[in-house]
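Asker: Dropping a structure here in structure tokens format, bear with me for questions.
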Amino acid sequence: MLRFLNAGESHGPALTAIIEGYPSNVKITTDRINKELARRQKGYGRGGRMKIEKDTVEILSGVRFGITLGSPITLVVRNKDWENWTDIMAIEGDSTNKRQILEPRPGHADLTGGIKYGFYDLRNILERASARETTTRVAVGALCKILLEDIGIKIGSYVLSIGEKKIDKSEIESISYEDRFNNAENSELRLPILGKDEEFKEYIDKAKEDGESLGGIFEVYALNVPVGLGSYSQWDTRLDGKIAQAIMSIQAIKGVEIGEGFNLAYLPGSQAHDEIFYSKERGFYRKTNRAGGLEGGMTNGEPIIVRAAMKPIPTLMRHKSLQSVNVITKEPFDAAKERSDITAVPAAAVVAESMLAFVLAREILEKFGSDNWIQIKERIEKYRQDVLNY
């Protein structure tokens, strides 16, 4: 089974991921992974850290002469900011009082993590809880995208809202997914409509002046996914559940919906479901996609559509702070302040692409085998033909 573990602290020496179950005979380049890492770092409203880090990956195992071996793949991304934190984040030696965090930030892992793991210096919590961890998720996601793209599956994302500033749904319904993606790639905020950046940037600038941070909503999709990934047979084999968990695991994500999601609760049954049609050329298909490509916990051949809501980042600017309590003195105190973003919704959308890619790649390998990619592709092609002939 395809799986990965990652490790590393936000200001430690490096971030590492080990991927197990990745098939052999897949062509891999660091350039492809680095391209995805660069996409994660883009976005108007990001903090000063993005000016320091220019993430690039090192492959330490599992690849020889650009071809995967079927053995575990080890990826490393060095933290360039580590040189400024060597004393504070030293592996060995005596502890230091420098840059201690004693006032937990509401909305972050600080306080609960400190209680759970027995630390008063909450830096021991926030360093791992930080969204910097998603760097390796994107690197792993790049490997998964390589598999998916080789069998015609395309994954993308775009931002629908930041704070109260929204893209009207009617504005994008007539635009193809390809154009939405291309527009998002050329937007500093991953907006699917051209010409909207400036008004959104002005809104973000105002939030910065007010010392605020902003959340938002993004949409991630997958096209040309085969019918029948996932299963209705057990609660934990339903693919919509796996996708929702993967997206919810991204820092600051507080809500996920698939297809029309919560809107379906307001519709009568006659308007909520996607009617079924058939043609010899297309096989079975739908004219609508309210289900978001998933029925009964399985893919139905339509595009997978997932939306996620990201809360505002808990770290506020220095001239505005939330009320907290010092964990040592128990006295009221302003919450700790760290260098942070005003908004990271565009970056979260890219991370969500990677998580969706991982879940789909894992399902593909579970259904069609996971040893040799050359053989796996042959099975997938035959299966697609069987589906068309059904």
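Just so it is clear, glycine is given a Cβ too, placed from its N, Cα and C backbone atoms.
Annotations for this protein, taken from Swiss-Prot, read as follows:
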BINDING   R40, R46  NADP(+) binding site
BINDING   R128, A129, S130, Q251, A252, G296, K311, P312, I313, P314, T315, R339  FMN binding site
Asker: Distance check, please: Cα of K311 (FMN binding site) against Cα of R40 (NADP(+) binding site), rounded to an integer number of angstrom.
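Answerer: That comes out at 18 Å between the alpha carbons.
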Asker: Using a 10 Å cut-off on Cβ-Cβ distances across all protein chains shown, tell me which of the binding-site residues (R40, R128, K311) has the largest neighbour count.
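Answerer: Most Cβ neighbours within 10 Å: R40.
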Asker: Count the Cβ atoms, other than its own, that fall within 10 Å of the Cβ of T315 (FMN binding site), considering every protein chain shown.
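Answerer: Other Cβ atoms found within 10 Å: 21.
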Asker: Could you round the CA separation between T315 (FMN binding site) and R40 (NADP(+) binding site) to a whole angstrom and send it over?
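Answerer: Just about 20 Å between their Cα atoms.
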Asker: Measuring Cα to Cα, tell me the gap between A252 (FMN binding site) and R40 (NADP(+) binding site) in whole angstrom.
Answerer: 16
Asker: Taking the Cβ of S130 (FMN binding site) as reference, which residues of that chain separated by at least 6 in sequence fall under 8 Å from it?
Answerer: E9, S10, Q251
Asker: Between the binding-site residues A252, I313, whose Cβ has more other Cβ atoms within 10 Å than any of the rest?
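Answerer: When each Cβ's neighbours within 10 Å are tallied, I313 leads.
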Asker: Taking only the Cα atoms, work out how far R128 (FMN binding site) lies from R40 (NADP(+) binding site), in Å, as a whole number.
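Answerer: Checking the Cα atoms of R128 (FMN binding site) and R40 (NADP(+) binding site) gives a distance of 18 Å.
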Asker: Provide, as an integer number of angstrom, the distance between the C-alpha atoms of R40 (NADP(+) binding site) and I313 (FMN binding site).
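Answerer: Pair distance, Cα basis, whole Å: 16 Å.
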Asker: What three-state class does DSSP give R128 (FMN binding site)?
Answerer: helix
